[in-house]
Amino acid sequence: VLVLQAAWALAGGQVRYSVPEEAKAGTVVGRVAQDLGLEAGSAEARQLRLVAQGRRASVELSGASGALLVSSRLDREELCGKSAPCALQLEVLVERPLRVFHVELEVTDINDNAPIFPAARKNLSIAELTTLPGSRFPLEGASDADIGANAQLSYTLSPSEHFRIEEDNSNSRSKSLFLILAKSLDRETIPVHRLMLTASDGGRPSLTGTMELVISVLDANDNAPHFNQSVYTVHLPEDAIQGTLVARMNATDLDEGTNRDVKYEIDTIVPPSASDLFNIDENSGDIRLTGALDFEAVNLYDLNIRATDKGTPPLSGHCKVVLEVLDVNDNAPEVWVTSLSVPVPEDAAVGTVVALLSVSDRDSGANGRVRCWVWPASPFGVEARLAGSYSLVLREALDRERVSEYEVEVRAEDGGAPALLGRLGVRVPVSDVNDNAPAFLQAVYTVLARENNAAGAELARLWARDPDEAGNGRVSYSVWEGGVGGGWRPASSYVSFEVRAVDAGEPPLCGNATVQLFVLDENDNAPALLPPAGSLPEAGGVAGEASLSSSSSVSESGSGTLWAWAAWGAPAGQVVAKIRAVDADSGYNAWLRYELWEPRGKGPFRVGLYSGEVSTARALDEADGPRQRLLIVVRDHGEPARSATATLSVSLLEAAEAALAAATGSSSSRSALGVELGPGAASAATNVWLVVAICAVSSLFLLAVVLYGASRWAPRAAVLSGPGPTTLVCASEVGSWSYSQRHSRSLCVADGAGKSDLMVFSPNFPPPPPGPAAKDTQPEPSAFLDT
């Protein structure tokens with residue numbers, strides 16, 4: 001071929017050579033001298049000179065051999081670019097003779113250039129959803145500096161289910177490269193697709209070039225906001241204050257940009273009346289209280305929350321907030337009466353239902369569990385009947401006279417912490433039953449009445465108390481056992497009698513009191529000598545008239561002469577006679593004393609102050625005369641005192657005569673006149689009784705002093721209020737005596753006295769006014785005892 005080419009070149013005057021690009025320096029391209037017909041080493045061959053036309057030649061002509069050699073790097077792409085073929089036009093000059101030969105050097109292409117894309121990365125943006133599968137996106141292909149098959153490119157795309165590469169060969173002059181969407185995109189699944197596009201040339205070996213395709217999926221508002229829970233359960237106490245955070249909503253939107261911006265709102269509220277109770281921040285989603293919760297009104301709220309994005313069109317997501325209100329012990333128990341049965345009779349049986357009560361607490365759980373009781377507890381209690389229903393029952397017997405009305409408080413306490421207390425006052429009046437008989441303050445009344453009082457005079461005032469009310473406490477009085485209205489009765493029958501008090505109840509009840517009537521003595525009787533049993537015979541032929549006359553202060557008097565005999569030489573102290581007098585009165589009024597009025601001074605006789613014994617004051621002698629006339633006054637102790645006088649004629653005889661007079665019984669006769677003779681046994685007996693009387697009086701006087709001192713310290717009370725100190729006065733032959741004795745009810749009768757003495761008690765006083773215990777009763781009438 002070369003020979004033929006050279007021959008053709010010589011024939012045509014041109015030599016053509018071919019050399020691959022990138023041949024090494026020194027590579028023989030062709031033997032020009034030989035091909036031009038010159039002998040190697042000849043002068044002509046050595047005179048060959050290479051002239052390049054228009055561009056730097058990367059070859060040289062060896063003068064020694066006449067060969068065309070590669071002198072520097074040959075780069076076809078640099079020399080010719082994409083032109084093909086790439087031929088260098090050379091001229092070879094021969095100087096002698098001057099001849100010009102044309103040499104054409106073709107630089108052939110080798111696959112020394114890989115395909116090159118315009119950029120290492122290409123960014124694409126494709127909208128999700130709206131870009132349909134099959135959509136084509138043109139791409140700029142790669143370039144290869146080589147030519148021919150070395151520049152023939154093919155493309156491959158990294159594996160992807162969403163994209164593929166496609167070449168359009170419809171235009172033979174230029175090929176179009178397209179990225180084809182094989183499957184719809186979802187930005188929320190894969191927001192960015194990174195693919196590698198590879199271009200391969202046709203060389204052997206094949207060279208490749210790559211470009212990264214960065215495909216950003218543009219967001220479409222295809223996702224609604226989404227809450228992480230469909231139902232939120234929130235618990236809040238009912239005392240939560242306004243502004244309390246109820247819940248914080250958080251809805252996410254998988255979109256981006258404005259498509260993911262969410263605003264919140266409360267869609268609906270159940271119950272609808274709570275629409276102004278909650279508020280939600282549309283940006284943050286915070287739900288806060290704008291009012292007060294009340295567990296007892298509504299304990300459960302349903303809030304439907306909506307979150308809406310700002311896309312076009314906007315999409316929404318929903319959730320529910322269930323708010324459970326927790327009970328707080330903010331309600332005290334309430335107590336009210338459903339039925340009240342008053343007044344309650346005081347004889348109502350234990351267990352009687354007084355009232356029906358209802359108790360409730362609007363709270364729940366322990367806060368709504370209630371226990372009830374009554375304060376004060378007596379005499380009522382509370383019994384549970386049903387849930388929330390109680391009975392106020394009687395636990396103790398009632399007594400209207402002690403308590404006529406009760407103000408009780410029913411208390412109810414819940415089980416909260418702290419516990420709350422409810423109260424209800426209940427007024428329970430007690431109605432009267434005739435269960436109390438009239439009662440006198442004393443079982444026995446001692447009434448002191450002075451003698452000589454007028455008929456109809458008030459003796460005492462009795463009062464019986466009946467604590468019942470109205471007719472049950474209205475008292476009427478009567479004297480029992482026949483009364484005093486049936487005619488005249490002796491006063492002695494009224495010394496002790498009973499007074500009956502009867503109320504007006506049904507049936508009527510009665511009470512009795514015994515009245516002991518003591519008639520107080522007045523000093524209306526003067527002392528009187530005992531009258532003689534018969535006429536007094538004259539003694540010694542001397543007849544005298546004895547007389548008893550009252551003094552100027554005494555209203556009664558008697559007359560008579562008393563006779564007595566005394567022996568001459570009788571010693572001092574010998575009793576010659578005894579004046580015996582009595583007083584119809586009693587007590588001090590009947591206590592007699594004897595005084596010798598005449599003769600006054602130092603006479604031969606004297607009289608015992610209380611005994612009435614006439615005795616010798618000294619020994620009798622003849623100077624005293626044959627007869628002594630004595631005037632003796634008998635006086636009582638009344639106020640004013642009453643008195644009587646006795647004339648005693650004492651005859652002075654010889655001892656024998658006196659003994660004879662005694663033997664003949666004259667002594668007994670004179671004793672019958674009230675004079676007791678003293679000689680012999682009579683005188684001795686008189687002395688013995690005198691000693692006994694003096695001892696008795698002394699003992700009783702001492703006892704009276706002791707009892708008087710004790711009575712000064714003992715409480716003194718009115719007769720109608722209680723028994724007071726009693727003064728007992730008794731009489732004896734030697735006089736009268738007295739002492740005080742409390743609570744005495746006996747009578748003392750002096751031995752030999754003509755009249756029994758009665759006890760003297762403290763006077764009666766009106767009863768005290770009714771006390772607090774009887775404040776509810778009407779004033780009681782009193783019973784008047786009249787003579």
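Using the three backbone atoms N, Cα and C, a Cβ is placed for every residue, glycine included.
Per TrEMBL, these features apply:
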DOMAIN    18-117  domain 'Cadherin'
DOMAIN    142-227  domain 'Cadherin'
DOMAIN    228-335  domain 'Cadherin'
DOMAIN    336-440  domain 'Cadherin'
DOMAIN    441-529  domain 'Cadherin'
DOMAIN    570-664  domain 'Cadherin'
TRANSMEM  688-710  transmembrane segment
REGION    762-787  region 'Disordered'
For the domain 'Cadherin' (142-227): best-contacting stretch of 18-117, 441-529, 570-664, by Cβ pairs under 8 Å: 18-117
Segment confidence, the domain 'Cadherin' (441-529), expressed as mean pLDDT: 84
The domain 'Cadherin' (336-440) - residue tally per DSSP class, helix then strand then coil: 4 helix, 57 strand, 44 coil
